[in-house]
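Per TrEMBL, the features are as follows:
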- 1-26: compositional bias 'Basic and acidic residues' (COMPBIAS)
- 1-28: region 'Disordered' (REGION)
- 38-59: transmembrane segment (TRANSMEM)
- 39-320: domain 'Sugar phosphate transporter' (DOMAIN)
- 71-92: transmembrane segment (TRANSMEM)
- 104-126: transmembrane segment (TRANSMEM)
- 158-179: transmembrane segment (TRANSMEM)
- 185-205: transmembrane segment (TRANSMEM)
- 217-238: transmembrane segment (TRANSMEM)
- 258-280: transmembrane segment (TRANSMEM)
- 287-309: transmembrane segment (TRANSMEM)
- 315-334: transmembrane segment (TRANSMEM)
């Protein structure tokens, strides 16, 4: 009896050890899986966001395509086609586009279209690194808008980082060897429109949710809504800016390689929406904002080398200064968010 009891105890102990070992292995497996998902989603987000800007620059500058609005319309058409196909196949869920929802969303969409078009025009005239640094001004406008519209107070560190961004933008413009006044005007407009889109979106989203069946508005519905509404407005602007005449004359539209690059840019535009949400879900707002700022550094370097941008030590220093100011801003916002 004693021997049997002892043997049973040994078996119980061994079974317990095996169970603990399995639990530990399972837990370690989950941790590895989570880390892999975070790494994969972060890599996908960085590649899609960098790729989108570089491909757009390639289309507008290297191909010398002078129809930025048409490029925007085609990219948005690709996004609508893909999301609609995924929705029909039941792979994603989207909200039906009702007239009430369209009327609520239309003001935001007008700003959205203006933001995309000015981005295209500025990218044609300014190099990628300078566009990246000048986009930091958007953060300044957004912070001021938050203070006046939402009565939101920012820490001293945030304002210090924003001040450094302004200094880097000014010194970058002064030392830019390929300075183009037209490009800088378009980029300034883009900063104001991007900040306006961010500030307006916060208010409109809450109202828009009231006119959806589910009471929510996911990223797929937003992509479909924004891009669908942008098509008629974009076609109208193509006529107003007389891009039709250029499209009829340009030999680029007879090149299969050009259509391939344009289609790829549309896919990348859609990929940014999906990968950003995926990355945000796997990590969080803190990591997302910091990686977004750090992502600008390789993008700027790639832009300079890929497009043979003439630069000087002073201009390179201004660009680096601006990129580091962006990282400081992200860190300051993270600290501010954690305290609030």
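The backbone N, Cα and C atoms fix where each Cβ goes, and this holds for glycine too.
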Positions whose Cβ lies under 8 angstroms from the transmembrane segment (104-126), at least six residues beyond its ends: 53, 56-57, 60-61, 66, 68-69, 71-72, 76, 134, 176, 178, 180, 182-184, 186-187, 189-190, 193-194, 196-197, 200-201, 204, 207-208, 211, 225-226, 229-230, 233-234, 237
Overall pLDDT for the domain 'Sugar phosphate transporter' (39-320), taken as the rounded mean: 86
Close approaches to the transmembrane segment (217-238) from elsewhere in its chain (Cβ under 8 angstroms; 6 or more beyond its ends): 67, 69-70, 72-73, 76-77, 79-80, 83-84, 86-87, 92-95, 97, 101-102, 105-106, 108-110, 112-113, 116-117, 205, 208-209, 244, 247, 270, 273-274, 277
